[in-house]
Amino acid sequence: MNIAHTIFGVFGNATALFLFLAPSITFKRIIKNKSTEQFSGIPYPMTLLNCLLSAWYGLPFVSKDNTLVSTINGTGAAIETIYVLIFLFYAPRKEKAKIFAIFAAVLAVFATVALVSLFALHGNGRKLFCGIAATVFSIIMYASPLSIMRLVVKTKSVEYMPFFLSLFVFLCGTSWFIYGLIGRDPFVAIPNGFGCALGTVQLILYFIYCGNKGEKSTDDAEKDEKKTVEMKDEEKKKQNVVNGKKQEQQV
């Protein structure tokens, strides 16, 4: 059982690393276009909080035999911090203010959990407190792409829900869910079971809508219609000028 526990822990590390790196494709696009477009910035600070709390929970003085949980989540925290900073740099002012507020709240929550668990709690009380905190915010992290899933259904396009991100949400959630079951650790199994289910839904949505080009938003449609009307008016004016000149020549 210890061997299986370690194997799924290592596999969980590998899939989680790919999950953390999957948005790099999105951020290459953001940097290239110098715009966050319609990409949501919420998943990145929420993932950062999950990584910080999970890394803290996996430390030996909080829970035993969870070193693999700490190593990958410590790495993930560093990667997600980079994503958040890039998103803040290229986001429009309103979105920037929202993501910065979430980022500040993330740091405040982690600092509170760490200080309380370090100085006010000991033994099982510390593990229970940190485990519940990690579980709650892991579920929130997995739920953060719900807004993007709603956009996918609305626009019938998966442009803003990258396939690899959805795939590794599923693989990561599944591997850590099994890891938690083998280690009889509900604080690992429960949130990752939720992640496994949500990853499945994302993949189903992707395969339903991946062949669609998507529908334009109402604003875009209105802009196109206005542009078409203006072009027609311009053509009419030109035609009137041409007709006027012909009449003058005939006179």
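Note: Cβ is positioned from N, Cα and C throughout, glycine not excepted.
Curation plays no part in TrEMBL annotations; they are all automatic predictions.
Annotated features, as they stand in TrEMBL:
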type	residues	note
TRANSMEM	6-27	transmembrane segment
TRANSMEM	39-59	transmembrane segment
TRANSMEM	71-92	transmembrane segment
TRANSMEM	99-122	transmembrane segment
TRANSMEM	128-148	transmembrane segment
TRANSMEM	160-182	transmembrane segment
TRANSMEM	188-209	transmembrane segment
REGION	214-251	region 'Disordered'
COMPBIAS	214-238	compositional bias 'Basic and acidic residues'
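Long-range contacts of the transmembrane segment (39-59) within the same chain, counting only residues at least 6 positions beyond its ends with a Cβ under 8 Å from a Cβ of the stretch, are 20, 23, 26, 30, 66-71, 73-74, 76-77, 80-81, 83-84, 87-88, 91, 95, 98-99, 102-103, 106, 109-110, 113-114, 117, 127, 130-131, 133-134, 137-138, 140-141, 144-145, 147-148, 160, 187.
Highlighted: of the candidate stretches 6-27, 99-122, 188-209, 188-209 has the greatest count of Cβ pairs under 8 Å to the transmembrane segment (128-148). Against the transmembrane segment (160-182), stretch 188-209 shows more Cβ pairs under 8 Å than any other of 6-27, 71-92, 99-122, 188-209.
Listed by sequence, the residues of this chain that lie at least six past the ends of the transmembrane segment (6-27) yet keep a Cβ under 8 A from its Cβ atoms are 39, 44, 47, 68-69, 71-73, 75-76, 79-80, 83, 86-87, 162, 164-165, 167-169, 171-172, 175-176, 178-179, 182. Long-range contacts of the transmembrane segment (99-122) within the same chain, counting only residues at least 6 positions beyond its ends with a Cβ under 8 Å from a Cβ of the stretch, are 41-42, 44-46, 48-49, 52-53, 56, 62, 84, 87-88, 91, 129-130, 133, 137.
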